[in-house]
Amino acid sequence: MGNAGEAEGRRRVSMQEHMAIDVSPGPIRPIRLISDYFPHFYPFAEPAQRTHDQRAWGTPAILSATPPQPDPEQQGDSDDSTALGTLEFTLLFDADNSTLHCTVHLAKGLKTPASGSVDTYVKTNLLPGASKASQLRTRTVRGTRGPVWEETLTYHGFTRQDAGRKTLRLCVCEDPRLRRRRRAPPLGELRVPLRKLVPNRARSFNICLEKRRLTKKPKSLNTARGMSLYEEEEAEAGAAGEDRGRILLSLCYSSQRGGLLVGILRCAHLAPMDANGYSDPFVRLFLHPNLGKKSKYKTSVRRKTLNPEFNEEFFYAGPREELVQKTLLVSVWDYDLGTADDFIGGVQLSSQASGERLRHWRECLGHADHRLELWHPLDGVPPQLGD
């Protein structure tokens, strides 16, 4: 009997019988994280001692000390996923004088460009609108990743309507004389909607820079080898009626001289007419109906600019009763040597006008010796009145 029981205990177990045996080892333990099998290194803190009991498997040890914040100068040596630095500036919308002031203070933690140079400046644009028409820039500060500019850039002819729909774009760029590529991307940019500005109240900003925004080129464009498939989002379409620019006019009826003084002060954001993206603007004046050369004037030419400053004054003799029946035509042109001048835009002031043009004309002739300056948007249609 003993031999029979021993033989029975030693008999081979079939696969079916083996699968039927309960081989559960007990309660299931949580699977350890793969990171628990590798050492952790913190240069500024000693890692906590990890216990090897079952309770430590489910929750990794938490360090009591955290690494300090990295120095801004070290951010430039990291990859593209890190911050590109910060820019400090102040905006002021002077509603009384229709100007926008952007004071660029300084930048911190700029990333070193591929060229290795650290010579930078700040470029600003008003969007939407032609890029070069609203482009301003600071001077270049050399040899530092924390440049200090303390320079104010001013946009003239900036109205309340502009503040409600425009955005200011600021770019930190390399010095163009040291670029290895002609169109090297900015080191960083940012955009500030201007609708939140309170008129006549300065507002300071300290904002992190972002990468340049790129847009995919249409398939119709040439994408040959070596050409970029992306282009910078600069040429943003302007609103209808605003792409021609605007002009600042000064009107005053002088009782002593017995006539109308017309001041051509400046233009802003003119449409570019030349291949270089600029214009050579000048202004023509014509009082209609009026015969003779005394009714026609023109300013001097300002070369290669879309924001010319003239500060020239012209005189039309005559009593106010006669001037009320006349029309003042002001037109801006691009001077071309040897060919016909290109028309940029114009404005007509008369008793038949409307809006700000009518108010400007009536207040000037209704109040003697009172000088009134107003900005007027330019129309894209040339004057149709004959001589």
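Indices start at 1 and increase along the chain as displayed.
Note: Cβ is positioned from N, Cα and C throughout, glycine not excepted.
Marked as region 'Disordered' by TrEMBL: 61-82. Annotation comment: TrEMBL describes 83-207, 243-376 as domain 'C2'.
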Next item on the list: Tell me the residue counts in helix, strand and coil for the domain 'C2' (243-376), as DSSP assigns them.
Entry: 19 helix, 60 strand, 55 coil
Check: Per DSSP, how many helix, strand and coil residues does the domain 'C2' (83-207) have?
Finding: 15 helix, 59 strand, 51 coil
Item checked: For the domain 'C2' (83-207), mean pLDDT (0 to 100) -> 89
